[in-house]
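Asker: I have a structure I would like to understand better, so I am pasting it below and will then ask my questions one at a time.
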Amino acid sequence: MQTWVVRHPLATIALVALVHVGATAVWIWHHRALGALDPDEAGYIADALRYQRNVSPDAPLAVPQRVGETVTAPLVPLLAVVPLVLGPRDVRSALLVQPVLLAVAAVAAAGITRRLTTAGWAVVAGLVVLGSPPFVLAASAFWLGLGAAAAMALAVWALLCSDGLSNRWTWAFGLATGLMALTRTMALGFVPGLVLAGLLLAGRDPRRLGRLALALLLAAGVAVPWYLAQREEIFGYLVGYGYGARSEEWGEGGAWARLRLRLGQMLVGLMVVAPVAIPAVAAYLARTRPGPRWVRGWTPERREAVAVAVVVLTGFAALLSTQNSGLWFELPLVVLTVPLGVAVVARWSPGLRRAAAVWLVVVSVALPLGLRLDGLTHADAAFGVHDRRLARLEEPGGREAAEEWRALDEQVTAELAALTDRGRTGAVAMTGNTFLFNSNVVELEAELDLWYARVEVPDTRADAAGRSEQLSPLSTEEMVDGTQKERILVVVRYDRDPFTPDTEWRRFEEEARAAGWEEVAVHPMPVDGEVAILRHRSALAGGR
């Protein structure tokens with residue numbers, strides 16, 4: 001058995017990953033059926049459902065058209081169409097793509113490690129990725145970070161397998177790089193590192209440099225069409241939320257604070273391998289004398305390890321350049337750091353190597369079991385902050401709480417469907433958005449009910465003229481006959497942590513009432529708060 005594992009390290013990790021996929025799928029199907037979705041999850045899953053709803057042999061361009069209309073990176077929701085087509089049209093079906101992405105990331109990490117050291121350590125690296133808590137939790141939530149990590153690992157693995165961009169793996173590198181750019185917009189910051197690594201491995205050979213250029217053209221051909229289609233929204237978002245005034249609202253401002261945050265996130269992601277890798281790296285650096293002789297003595301494995309390190313370091317620098325902390329922006333760097341750490345540990349003395357291998361394997365198996373048995377309803381601690389019953393399934397009322405939040409989503413969305421004729425005659429604006437009830441969950445519920453609700457989020461911090469424009473009884477959207485749709489206003493009356501554009505929702509509602517908006521329905525929230533639906537008196541008087 002040991003011989004087979006060593007001879008087939010990637011197949012071994014693929015088989016173990018298959019078990020992980022099955023176990024995670026069972027967990028998802030049992031625990032994620034109840035609602036209470038992360039707002040980002042709700043938005044991404046709504047995109048996936050919208051793509052799936054447009055799959056038709058009679059309209060082959062319908063899905064690409066929907067993708068071109070999507071503002072958020074489309075690849076992971078697009079991949080989720082596969083389980084949605086094969087299984088029921090359910091939130092959990094879309095979530096099933098995540099453990100598959102983890103399996104891909106683990107196999108790719110094992111492949112990278114095999115290029116750097118022996119087959120046995122490649123198996124260890126794959127197990128570490130499968131067992132590290134951030135990856136385990138990401139596999140049961142619809143986060144884009146796991147897709148970015150899988151694509152990044154594939155790109156680097158293909159680059160190493162190209163033997164200095166001298167074979168067909170070069171084109172796989174270009175394809176994976178383009179796909180990575182479609183996993184989330186911030187992944188653009190990792191592309192320069194991949195280019196530098198390619199230059200390092202290509203050396204001064206003109207033919208290899210030419211192949212690198214062609215691979216990058218392939219990457220551009222994959223990613224650029226979507227970026228061009230949504231260029232105003234995408235680059236407005238990147239500038240505003242990545243480097244503009246809005247970036248401070250989602251992260252740390254000072255350079256030292258950002259450095260502490262990023263290093264802390266990296267260490268959390270590397271908590272399995274760090275206890276053995278950090279001493280191993282320190283010992284290696286202590287006995288290494290960098291210089292021209294050290295560079296000239298590079299083996300192919302050392303050159304490839306340096307190339308991987310270049311990708312990690314330049315990617316880390318890119319993350320430090322933005323104040324936006326994001327949600328697991330570091331995951332693609334973590335999946336590359338694991339092979340580096342394992343490769344350094346593999347250089348220890350035999351006794352220390354065996355002890356380190358036992359530690360890594362045991363912890364990588366134990367941690368996923370502990371996380372699942374712990375009964376977390378979701379990876380994000382904010383669930384328990386907003387409704388303490390949602391912290392763990394075992395706590396009294398946890399499942400009932402999740403069902404209550406889902407019921408609220410369904411009730412409000414059903415009423416909006418009736419008021420807007422399923423989006424045909426009315427458009428929805430929502431203020432007061434908060435973590436457990438927001439515009440994304442309404443759009444998701446509408447998609448589950450097979451209609452499209454494009455929910456506008458007014459900026460309550462705008463000046464008086466801007467707020468007045470957002471309180472017009474008529475939407476900027478038009479009906480089929482060219483007349484403007486009625487605007488329906490939803491106010492989430494909840495005081496805890498409203499989203500940034502919604503911080504002045506109380507003033508916004510007061511101005512709405514003064515401008516002629518009247519309450520037509522109120523739905524109590526499962527915690528202290530309520531959701532009110534308002535219509536303008538002109539629409540009520542006109543019988544619209």
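Including glycine, each Cβ sits where the backbone N, Cα and C put it.
Pulled these features from TrEMBL for this protein:
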TRANSMEM  12-30  transmembrane segment
TRANSMEM  71-87  transmembrane segment
TRANSMEM  94-112  transmembrane segment
TRANSMEM  118-137  transmembrane segment
TRANSMEM  142-160  transmembrane segment
TRANSMEM  172-202  transmembrane segment
TRANSMEM  209-228  transmembrane segment
TRANSMEM  266-285  transmembrane segment
TRANSMEM  305-321  transmembrane segment
TRANSMEM  327-348  transmembrane segment
TRANSMEM  355-373  transmembrane segment
Asker: Select the range from 94-112, 209-228, 266-285, 305-321 that forms the most Cβ-Cβ pairs under 8 Å with the transmembrane segment (327-348).
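Answerer: Ranking 94-112, 209-228, 266-285, 305-321 by Cβ pairs under 8 Å to the transmembrane segment (327-348) puts 266-285 first.
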Asker: Quick one: do the transmembrane segment (172-202) and the transmembrane segment (12-30) reach 3+ CB pairs under 8 Å, ignoring pairs fewer than 6 apart in sequence?
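Answerer: Contact between the transmembrane segment (172-202) and the transmembrane segment (12-30): absent.
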Asker: Give the nonlocal contacts of the transmembrane segment (355-373) in its own chain as ranges (CB under 8 Å, at least six residues past its ends).
Answerer: 20, 23, 27, 120-121, 124, 127-128, 130-133, 136-137, 272-273, 275-276, 280, 342, 345, 348
Asker: Go through the chain and flag residues at least 6 beyond the ends of the transmembrane segment (142-160) whose CB is under 8 A from any CB in it; none is fine as an answer.
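Answerer: Answer is 38, 40-41, 44-45, 72-73, 75-76, 79-80, 94-95, 98, 101-102, 104-105, 108-109, 111-112, 115, 135, 169-170, 172-173, 175-177, 179-180, 183-184, 186-187, 190, 194, 197-198, 201, 304, 307-308, 311, 327-329, 331-336.
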Asker: Restricting to the same chain and to residues at least six past its boundaries, which positions have a Cβ under 8 Å from a Cβ of the transmembrane segment (12-30)?
Answerer: 4-5, 92, 95-96, 98-100, 102-103, 106-107, 110, 122-123, 126-127, 130, 136, 139-140, 368, 372
Asker: Quickly jot the same-chain residues contacting the transmembrane segment (305-321) by Cβ under 8 Å, restricted to those at least six beyond its ends, or write none.
Answerer: 112, 116, 152, 156, 159-160, 189-190, 192-194, 196-197, 200-201, 243, 255, 258-259, 262, 266, 298, 329-330, 332-333, 336-337, 339-340, 343
Asker: Can you work out which residues elsewhere in the same chain, 6+ from the ends of the transmembrane segment (209-228), have a Cβ less than 8 Å from its Cβ atoms?
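Answerer: Distant Cβ neighbours of the transmembrane segment (209-228) are 67-68, 74, 165-166, 170-171, 173-175, 177-179, 181-182, 191, 195, 198-199, 202, 234.
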